[in-house]
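Have a look at the structure below before the remarks.
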């Protein structure tokens, strides 16, 4: 199969086809065709499937929309922009932060919220994903928020199954986690002392299996960050990552020196088929975010982590709970970003339908 998927061929592709791709190449096969199904002809968002294919102005519009949900004191506000609409959360993978913040965001927007119990759904009885979605669509859903272990699942839904329902990607396999990427951008926008164009960002951890890393790198580059550094053992780096314009380090101390932002990543043990690390203690010794390593960064550097954290493996507790950590702010910002994406996607979907599509 070629290194890109023509959107015209997508109706014959299922999530199981995407899932067999290696994490070294999955992004190449999906990203080229992401922009077409998720945007209206005027550039407005009607699905949110990935950051790839969106330009700087579109990402800035999402950030600005998220900012509008904070009051003058920095507190989140309610705004009934989805009153009368129904959102269904379809999480085929376990989640705490993402699912909960989506639900909070939906309720703050005034939506009717339904959490589908996948473990008790008909998919566990052999029903196909396509049939499950068509049945849920018949129940007058307006938005599906989906997390799935198959890379490309959200794209599959938006193009083949339910094009008239706004699809929000809550994470798909190895491929992408776009709302996490955008909440990270909102956090940097709100907390960093310099604009994106002047920042040096270090991303540390399991890059190879991380959908967060893929979304963060894409968003950072689109927003103008020129100095993006990645650091991991060779076994946790995707092949050819250098072609994405990032600087690759194996020495953690060198990677974080004079940087403005340190992003830690979780070791994706559930996605690793065979042991790729000698031990957790060995990993922490060479790649853990410790006070000593944070001290090598700029004095006002931010420390970030998408969670869940493995303390004493990826990050020291004193750093996670320290003054430079913005990890809990990331969680709060996640509500605002998800409110923004839900609102913008529904607005775009309404415009798409009004145009007679």
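Cβ coordinates are placed from backbone N, Cα and C, and glycine is handled just like the others.
Look at Swiss-Prot and you will find 97, 98, 147, 177, 180, 307, 308 tagged as carbamoyl phosphate binding site, backed by sequence analysis. DSSP assigns residue 308 (carbamoyl phosphate binding site) to coil in the three-state reduction, placing it in neither a helix nor a strand. Same-chain residues at least 6 positions away in sequence with a Cβ under 8 Å from that of residue 308 (carbamoyl phosphate binding site) are, in sequence order, 96, 97, 266.
The 10 Å shell around the Cβ of residue 266 (L-aspartate binding site) contains 20 further Cβ atoms across the protein chains shown. Taken from Swiss-Prot, the feature L-aspartate binding site applies to 125, 211, 266.
Taken from Swiss-Prot, the feature compositional bias 'Polar residues' covers 1-15.
The region 'Disordered' feature in Swiss-Prot is assigned to 1-21.
Residue 177 (carbamoyl phosphate binding site): 25 other CB atoms within 10 A of its CB, across all protein chains. Of all the binding-site residues in the list 98, 177, 180, 307, the shortest Cα-Cα distance to residue 211 (L-aspartate binding site) is found for 177. Counting only same-chain residues at least 6 apart in sequence, those with a Cβ under 8 Å from the Cβ of residue 98 (carbamoyl phosphate binding site) are 91, 147, 170, 171, 177, 179, 180, 334. In this structure the residues listed as binding carbamoyl phosphate are 97, 98, 147, 177, 180, 307, 308; their two most distant Cα atoms lie 16 Å apart. Proximity of residue 307 (carbamoyl phosphate binding site) to non-local residues of its own chain (separation of 6 or more, Cβ distance below 8 Å) is seen for 97, 266, 327, 330, 331, given in sequence order.
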